[in-house]
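First up is the structure itself, then whatever we jot down about it.
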Amino acid sequence: MKRGFARPTPEKAPVIKPENIVLPTPLSIPPPEGKPWWLIVVGVVVVGLLGGMVAMVFASGSHVFGGVGSIFPIFMMVGIMMMMFRSVGAGGQQQMSRPKLDAMRAQFMLMLDMLRETAQESADSMDSNYRWFHPAPSTLAAAVGSPRMWERKPDGKDLNFGVVRVGVGMTRPEVTWGEPQNMPTDIELEPVTGKALQEFGRYQSVVYNLPKMISLLVEPWYALVGEREQALGLMRAIICQLTFSHGPDHVQFIVVSSDLAEWEWVKWLPHFGDSRRYDAAGNARMVYSSVREFAAEQGELFAGRGSFTPRHASSSAQTPTPHTVIICDVDDPQWEYVISAEGVDGVTFFDLTGSPMWTNVPERKLEFDKTGVIEALPRDRDTWMVIDDNAWFFALTDHVSIAEAEEFGQKLAQWRLAEAYEEIGQRVAHIGARDILAYYGIDDPGNIDFDYLWGSRTDSMGRSRLRAPFGNRSDNGELLFLDMKSLDEGGDGPHGVMSGTTGSGKSTLVRTVIESLMLGHPPEELQFVLADLKGGSAVKPFAGVPHVSRIITDLEEDQALMERFLDALWGEIARRKAICDSAGVDDAKEYNSVRGRMRARGQDMAPLPMLVVVIDEFYEWFRIMPTAVDVLDSIGRQGRAYWIHLMMASQTIESRAEKLMENMGYRLVLKARTAGAAQAAGVPNAVNLPAQAGLGYFRKSLEDIIRFQAEFLWRDYFQPGITVDGEEAPVLVHSIDYIRPQLFTNSFTPLEVTVGGPEIDKVVAHANGEVVEEVEAEAEEEGIRVPKVGTVIIDQLRRINFEPYRLWQPPLTQPVAIDDLVNRFLGHPWQKEYGSARNLVFPIGVIDRPFKHDQPPWTVDTSGPGSNVLILGAGGSGKTTALQTLISSAALTHTPDQVQFYCLAYSSTALTTVSKLPHVGEVAGPTDPYGVRRTVAELLALVRERKRSFLEYGIASMEMFRRRKFGGEAGPVPNDGFGDVYLVIDNYRALAEENEVLIEQVNLIINQGPSFGVHVVVTADRESELRPPVRSGFGSRVELRLAAVEDAKLVRSRFAKDVPVKPGRGMVAVNYVRLDSDPQAGLHTLVARPAMGSTPTNVFECDSVVAAVSRLTTSQAPPVRRLPASFGVDQVRQLAARDTRQGVGVGGIAWAISELDLQPVYLNFAENSHLMVTGRRECGRTTTLATIMSEIGRLYAPGATSVPAPPPGQPSAQVWLIDPRRQLLTALGSNYVERFAYNLDGVQAMMGELAAVLAGREPPPGLSAEELLSRSWWSGPEIFLIVDDIQQLPPGFDSPLHKAAPWVNRAADVGLHVIVTRSFGGWSSAGSDPMLRALHQANAPLLVMDADPDEGFIRGKMKGGPLPRGRGLLMAEDTGVFVQVALTEVRK
């Protein structure tokens, strides 16, 4: 039997250690210097003087130098000579002593020894590296079957692909030599160290006895020139080298020789087999006796091929495979018709004939002598380029004998590329219990006793755990098992992959494995999570089975779902780890062992079943989300200890899954579409499988690869022993074809006919005694009339009452109904104990926590620091729906007495759907500006009233208020008719742009309201749309899909970008402890649907909520009080009589009611003595003056000079009236009206008189402070200058009113009150009138009635606008309030 070989991951080769060696500098000895000239002169002079002295001594007859004394002249002469010839000065100091020179030589030699060791280490690393990739041919036979076999890869990264050793020779080392510094000259060079350095460089510049290689990808052919035996020995060595290191799928060989006996040994090598032709001995051997025969059989090899392209000139890094090596051992001129001078692309020739056709190209010639010395043109080691035109010594040739080659070939013949499973007979007879159902003892799939089935499997912690049959071996028909346990438990897992192209039966195999595991394990022990990147045809049939925790499909549609799925798996690992930690154990196996013992004692523990995660089409996942490879790899590594098993399936596997494949145990590989996919799956031969569904390879390890036929459980179901026609089924008996033994030679051996057993039809799948001849590749439609075995089993499994742990919640695609959400939040139906909630927490949606496997309610807590709520989101993000949901949620959890809502709908009309809720007091929008103003005014008045009443009743906080009013705590509470009140503003910016005055009031409520139970809920596109003073006033925050992620505060902006563009989707921060997560990472949220669950899923109106709540409560939120369209002066007076307020002018002229509190508005002379009124025609300006004059008559005594003075202490009034239209003549009698004018002359005259009167009231100089405060310098009535339609008087310096204008700012000193009306047209130019200008300077209140907003700002940032008759905006310095003027009849 042949053995399969699957290429393992290449082992790590020894690394070449490049070195950088700087040569040391040899010793330097400078030449000696000459004697100074003066020394010679001095010496000659001294010698001469000494000689003269001696001569004189002898001439004088003295005996000083006689006897012993004669020695002194001799010493003097010797001393002078030594002084002259010794080294002196600098020249003498440069001479080196011999001991010192020897020491320095020894030091230099030691340095060379150290460098020699460094260079030798680099050379040794080169030797190890070269011999790793190119071992001696004599060692190859022993290495056959080792992981080193067939390791070359044509991927462009393996630079040794196509490179083959031919001998050993010399190579320059991987050493960079640095020149010595300060190299001495030849004269100064110390000879010993210089010679040593020269010899060191000579011997260390070459590495000896290293493999020498040639490349198949550099030249189109090589000519081996020399003695024939030498050439044949080298060729045999080359063949052995290439067939060992290159697989038969990468390199194939062809021999064309006239001496076929010489090449008989190559029949053993799979590389010589023709993959297209077969004979009785297998693949036909590509050995031919002539060029003609070769061309006839392999002519198509050259069809369409271009010229040979060297590797360094190719545009592609990858090498096309298989590369063909043709050995030319026949001298035939017909070769010229086969190959040109440029060669053939993808083909390398080796010529052994020495024909000139092959040898006339020097760079393609390897010439060797009898001693085996090869000479060739030298090439660059890295680029393979020829660097010299003269042949050099290249190598000592390798040589392999025929005996050695045949031994090598016979050993290699045992191996096929992942074909250990191939036998002569492939058809299998299924006899007895060789199928899944028989293994489990199931006679009738439609009637399974699961209690008995699972009860009989008592070794759930033993060998049978996660061990299930899935098909049959192709060689002997035995039942084949998949054991998903870890390798250390004797299994094939814990994780594995399954691959197969379309039509290979992958989906069927996935179903078979899953259902077989279900049959072997009860749901308490085994759970599945079935995920499919696409439609889920393979896993959808298992819906509702108690083993299945969740079926997840269509993951490829949204990458966020993929990340969510991975998060859920991480959460399951964390959950299981926590369970194990709580029991004090390390892994799931130990935990279940402890649990089993505890249950035997009657004490149960939390279950921890095995979890098989099936991911179909995972390759698509990696394509869409490349980081998933690393994540799944980590999940696989950490999950194995907690019984989490991954089973990955895909149509193809590519290199990007390489890291994940390292952690995969078993591999079920069906037919692959490409060689690359088969290679990546670990079974390269899968590409050669026939197109037969369910046929594949089961790879347990590198050497244990089994060919199998998967069982088809989705076959038609019939009762046992009955065919489709209702007849008794026949028993099928099969035999195996027999082929006679054949003599194995290089020659073609024709197939003989079979001699044993009957012919049988091709069997694709066998199951339970039935023969299934055709099987669909993917999931097929369920039969209408005939049920399937698999579905029959699944239907029975669905009847089991078991609820699995759900580790996957539905994605946030459909919003939950509001009543379902509230029920989930309360833990009981919302109608039960309705209104018993004592907090102000409202659920508005769900939070998706895939890591925790749940979706808790998303709540807004408005009872504490989060009293005000800000809802941020871009346009279309669902802000208005969030408001509807919040209000509906409050309505289902609180009574209308507890919470009330007042809404300003500036975004859309959707909020009007909550208007009928008993909790809602008002819904107003831009089409009802008055309703908007009244709503704000009402709540602002409530804040002010509660400020007062809380002090009065001793209420310290809203918590105390709620306890007293709704919790039964003793103590008084204000009877204002409100509980917690919510001002809801949909689109804060729109309101701010429309009404500057109103938005300031809203801001006041935002800052002050929460302390008194008045909350504000606003929506905005951007946080910057809020006014700066109130941006920090929102303690609760709802972030939907943001218009600008910079506004994100709950999560980091990089997470906020992931919120999908879907209404209602948002994000909150992680609200649980997760050590591996950013605390500001986001959790996705979805706002609930503001409708009851009984309504269709596309209904977002609140009518159903209104109906449901109205059935439980009869209370109603107080409506917003509105100013009446008409309000009489008597009614104002009645209100004024009951008014107890302070500081608002109570007791004065009451002329209107305020919309803030529906209380009277007074002319508060303590603050300002004047009033201006403007508005368009028929707005009620004159009526305003009539009402004020009526009040003057009510409050003041007549003050005209024609009547007697009133009693002391009673104030009196004197009216100076300018009425061009004469409508106010009857408002007051002549006893009040001092002067009256209706034309210019009369006005001028009257103003002169008034000026004289006022001048007389000027305070004289020298008054004391007491006199000034008491205004004792004048007496008399208060003077009211009332001017109607001042626009009819000349403006500017021609205005007759300029005479009285100087006293406007000193009105309090002279008792003057100016009340003026003017039409609104041209108000921007009203400053030219001296009286109006003076009133502006005095900050007189301005009542703007019906006006044109296009006039722009009138005072501050306040504008006018259309108003009903009698209504106006009373503007003070920087505030404004709408008032309704009391109606007084005016003479027409």
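Heads up, residue numbers simply count up from 1 along the chain you see.
Backbone N, Cα and C atoms are what each Cβ position is placed from, and that goes for glycine too.
Per Swiss-Prot, transmembrane segment is recorded for 38-58 (among others), and the stated evidence type is sequence analysis.
Among the features that Swiss-Prot reports, transmembrane segment is placed at 65-85 (among others).
Positions annotated as domain 'FtsK 1' by Swiss-Prot: 477-679. The average pLDDT the prediction assigns to the domain 'FtsK 1' (477-679) is 89.
Non-local contacts of G1180 (ATP binding site) by the CB criterion (under 8 A, 6+ apart in sequence, same chain) comprise M1345, R1365, G1366, R1367, G1368, V1381. Positions annotated as ATP binding site by Swiss-Prot: 500-507, 873-880, 1175-1182.
Among the features that Swiss-Prot reports, domain 'FtsK 2' is placed at 855-1049.
Residues or ranges marked as domain 'FtsK 3' by Swiss-Prot on the basis of sequence analysis: 1158-1351.
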- Query: Tell me, how many other CB atoms lie within 10 A of the CB of K506 (ATP binding site), whichever protein chain they belong to?
  - Reply: 29
- Task: Return the residue, from the listed binding-site residues G500, G503, with the maximum count of other C-beta atoms within 10 angstroms of its C-beta.
- Result: G500
- Task: Quick one: among the binding-site residues A874, S877, R1177, which has the most Cβ atoms sitting within 10 Å of its own Cβ?
- Result: S877
- Item | Which same-chain residues, if any, lie at least 6 apart from T880 (ATP binding site) yet have Cβ under 8 Å of it | A905, S907, S908, A910, L911, D986, T1019
